[in-house]
Amino acid sequence: MSSTDTLFSDALFSAALAAQARAHAPYSRFRVGAALRDEAGAVHAGCNVENAAYPVGTCAEAGAIAAMVAAGGRRIAAILVLGDGEALVTPCGACRQRIREFAAPHTPIHVAGPQGVRRTFTLDELLPASFGPDNLA
Ligand code: THU
């Protein structure tokens, strides 16, 4: 990563860490935070919000995207997902498609743990040959 990229991912890391601490995850006890930078440079964060009716729960990425859209942002320049544990907390399949709606193939998806970014993927690496808005144009 370049130093500019590192600065941006630091801002995303702090925002995701703060959001993770506010997650509502009483059922899985697996707290996730996500933060993204939009086309104007604004940062939007979200956390997972579970529900007693399990399938109704939402992922951290969905929260961050909803916050971006509600604030007027329309493009994801970069996104960071943060969770605990040994395994990389990569976005779930549905969230890859949610990110796809607002991102480009080369958009970075940073995967972080409590100590910082562990790996960075592009959207195209996590969701190759994807279906998107262009298919409906
Ligand atoms: N979770 C996320 O918030 N994002 C992901 O991409 C992976 C999974 C949440 C959903 C659920 O609340 C908990 O993690 C366990 O699956």
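Count begins at 1; order follows the chain as displayed.
Placed from the backbone N, Cα and C atoms, the Cβ positions cover glycine too.
What TrEMBL says about a protein is an automatic prediction, not a curated fact.
Feature annotation from TrEMBL assigns domain 'CMP/dCMP-type deaminase' to 7-134.
Taking the Cβ of Y54 (substrate binding site) as reference, residues of its chain lying under 8 Å away and at least six apart in sequence are, in sequence order, Y27. Annotation comment: TrEMBL describes N48, V49, E50, N51, A52, A53, Y54 as substrate binding site.
Reduced to three states, the DSSP call for C92 (Zn(2+) binding site) is coil. Long-range Cβ contacts of C92 (Zn(2+) binding site) within its own chain (separation 6+, distance under 8 Å): C59. Look at TrEMBL and you will find C59, C92, C95 tagged as Zn(2+) binding site.
Within its own chain, E61 (active site, proton donor) has A34, G46, I79, V81, P91, C95, R98, I99 as residues 6 or more apart in sequence whose C-beta sits under 8 angstroms from its own. As annotated by TrEMBL, active site, proton donor applies to E61.
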Tally every other Cβ atom lying within 10 Å of the Cβ atom of V49 (substrate binding site).
16
Tell me which residues of the chain lie with their Cβ under 8 angstroms from that of N51 (substrate binding site), as long as they are six or more apart in sequence?
G57
